[in-house]
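Below: one structure, written as structure tokens.
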Amino acid sequence: MGSSYLYLLPLTVFVLFPATFIITYTISVLLHHTEPDFPYISDTGTYSPESCIFGQALNIGAFAILVTIYVRFRQIAELYRNHSSSSNIVRLNRMGLFIGSLAAFGISIAANFQETNVFFVHITGALMAFGLGTGYLWVQAMCSYQTHPLVNSLAMAHVRLGLAVVAAVFFFIGCVCASIAHAQFNGNDPTKWYPEDGGWGFHVASTVSEWVCAGTFNLFMLTLVDEFKCISMDPPQVYVSVETLAPTQYSGIGESDQTNDDVQAILS
């Protein structure tokens, strides 16, 4: 993967997730699978056919996030090796890779296990995505202060810290309000929540918090675009052992006992 294309990873995430949510929201509302007023993100991808788009797109997005997290990990690791004498950033970097990978996995779980089918698994994936995703933002904010000014500006570190604060606040509000709203809900279908169903105010607060958290994570990915333009990664090397090739694979080229140098010259 060349240096001129790595920036497309976070940019893809930034474009893919909002596009997916807009498409599935539109389809679910037009088909009356959910109400247009303050649905949860998962409500817009619960029923077919929008659930198919929701699951496939979020799987692709989760993979793009995972690769982005890995590139970010390698970026900081190389910086430490060449420029830093602090071991604290090494621990933070490893923690970020672990937490971020679990958050990406949580996105895939929430996308593939709809809330109306396997609620416990779905909510576990959602909590992993939003909770661990918030933790990842905090780790990256701390790393950004330590990589200043070699990788990012001090202003960018402040921006990432602000995003981490916003994500943490709204994640907490969302969890608390969602718990209260579902305890007060007395309607028939939580994917179609009406004001008269009970817990409406808490429901609105929790759904808004969820959308704000998702937007916050998306904005964080956008902050990586410029930095990734300055990163280069060599493609993996592939080695072929000619001893494992059957003689018939290169019969007619020469004798079966020809030297390795001859075979390597032919293969090249």
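Backbone N, Cα and C define each Cβ position, glycine as well.
Just so you know, TrEMBL annotations are computer predictions that nobody has curated.
Note that the structure is a prediction, hence the values are computed from the model and not measured.
Residues annotated as domain 'CWH43-like N-terminal' in TrEMBL: 6-229. According to TrEMBL, the transmembrane segment annotation covers 7-33, 53-71, 92-113, 119-139, 159-181, 201-225.
Ranked by number of Cβ pairs under 8 Å to the transmembrane segment (159-181), the listed stretches 7-33, 53-71, 92-113, 119-139, 201-225 are led by 201-225. In the predicted model, the domain 'CWH43-like N-terminal' (6-229) shows an average pLDDT of 92. If one looks beyond the transmembrane segment (92-113) by at least 6 residues along the same chain, the residues whose Cβ comes under 8 Å of a Cβ in the stretch are 42, 45, 54-55, 58-59, 61-63, 65-66, 69-70, 72-73, 76-77, 80, 121-122, 124-133, 135-136, 139-140, 142-143, 146.
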